[in-house]
């Protein structure tokens, strides 16, 4: 079962990804985890990636793609994988196609969790964090018992600077522009499966399981 998971910030990718890997026994592979592992193991590509990251620069595609190729060639990917955060561009998607063709592991589905922008705005701007213990709340989905106060220690709750409406709106616009060509690419390939992410978490996952039902575990 070879899957790519897509969705805008706040769509619930992390939650659905955790459930998929738990139920189907495949590794959850994120770009960040791959970079960290390659740097920790001090592979040639990992060291090259580190040299860019240490300078605050973007890691070039050829290095990222090389790290992805190494990761997908490991034994735990024999029965499949869930890729999260890669690919981000059509060029990366084309490179991934070549890697998977070489390994004989074609993509089964690209699962895109769809959520309207106004719903994402509500989800992302409603987050509040305790200034003392760091516990995260949400004004709509997980509010504190007393507004503005942490249930655990009475600490004052604050909103992160990058959770304000203007910043979140800009971030979503950038993500939407970057993601659309990728969705078009996978739609043309016949891999794309859109899932309604505006339902309850359990209902979203029920739709994901229905989609994956025809695939071997």
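Cβ coordinates come from backbone N, Cα and C, glycine included.
Note that the structure is a prediction, hence the values are computed from the model and not measured.
Sequence annotations record features per position, and here Swiss-Prot assigns ATP binding site to 10, 11, 12, 13, 14, 15, 127, 136, 137, 199 based on experimental evidence. Per Swiss-Prot, region 'NMP' is recorded for 30-59, and the stated evidence type is experimental evidence. Per Swiss-Prot, AMP binding site is recorded for 31, 36, 57, 58, 59, 85, 86, 87, 88, 92, 160, 171. What Swiss-Prot lists as region 'LID' is 126-163. The annotation Zn(2+) binding site is assigned in Swiss-Prot to 130, 133, 150, 153.
Structure coloured by features recorded in Swiss-Prot.
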| residue | record | DSSP (3 states) |
| --- | --- | --- |
| 10 | ATP binding site | coil |
| 31 | AMP binding site | helix |
| 57 | AMP binding site | coil |
| 88 | AMP binding site | coil |
| 127 | ATP binding site | strand |
| 133 | Zn(2+) binding site | coil |
| 160 | AMP binding site | coil |
(message) Given a Cβ distance threshold of under 8 angstroms, which distant residues of the chain, six or more beyond its ends, lie next to the region 'NMP' (30-59)?
(response) 66-68, 70-71, 84-86
(request) For the binding-site residues 88, 127, 160, work out the Cβ neighbour count at 10 Å and name the residue with the minimum. (result) 160
(request) Would you kindly give the Cα-Cα distance separating residue 14 (ATP binding site) and residue 88 (AMP binding site), rounded to the nearest Å? (result) 16
(request) State the Cα to Cα distance, in Å, between residue 14 (ATP binding site) and residue 57 (AMP binding site), rounded to an integer. (result) 26
(message) Given the binding-site residues 57, 86, 130, 153, find the one whose Cα is closest in space to the Cα of residue 12 (ATP binding site).
(response) 86
(message) Spatially, and counting Cα to Cα, which of the binding-site residues is closest to residue 137 (ATP binding site)? Options: 57, 86, 130, 160.
(response) 130
(message) Rounded to a whole angstrom, what is the C-alpha distance between residue 133 (Zn(2+) binding site) and residue 160 (AMP binding site)?
(response) 15
(request) List, in sequence order, those binding-site residues among 31, 57, 59, 150, 160 whose Cα sits within 10 Å of the Cα of residue 127 (ATP binding site). (result) 160
(message) Between the Cα atoms of residue 31 (AMP binding site) and residue 10 (ATP binding site), what distance do you get, rounded to the nearest Å?
(response) 18
(message) I'd like to know which of these binding-site residues, 59, 130, 133, 150, is least surrounded, judged by other CB atoms within 10 A.
(response) 133
(request) With an 8 Å cut-off on Cβ-Cβ distance and a minimum sequence separation of at least 6, pull the same-chain contacts of residue 153 (Zn(2+) binding site), or say none. (result) 130, 132, 133
(message) Around the C-beta of residue 14 (ATP binding site), how many further C-beta atoms are within 10 angstroms, looking at every protein chain?
(response) 13
(message) Under 8 Å between C-beta atoms and at least six apart in sequence, can you list the same-chain neighbours of residue 86 (AMP binding site), or say none if there are none?
(response) 4, 29, 30, 31, 34, 64, 68, 92, 96
(request) Just name the most isolated of the binding-site residues 10, 31, 57, 137, going by other Cβ atoms within 10 Å of its Cβ. (result) 57
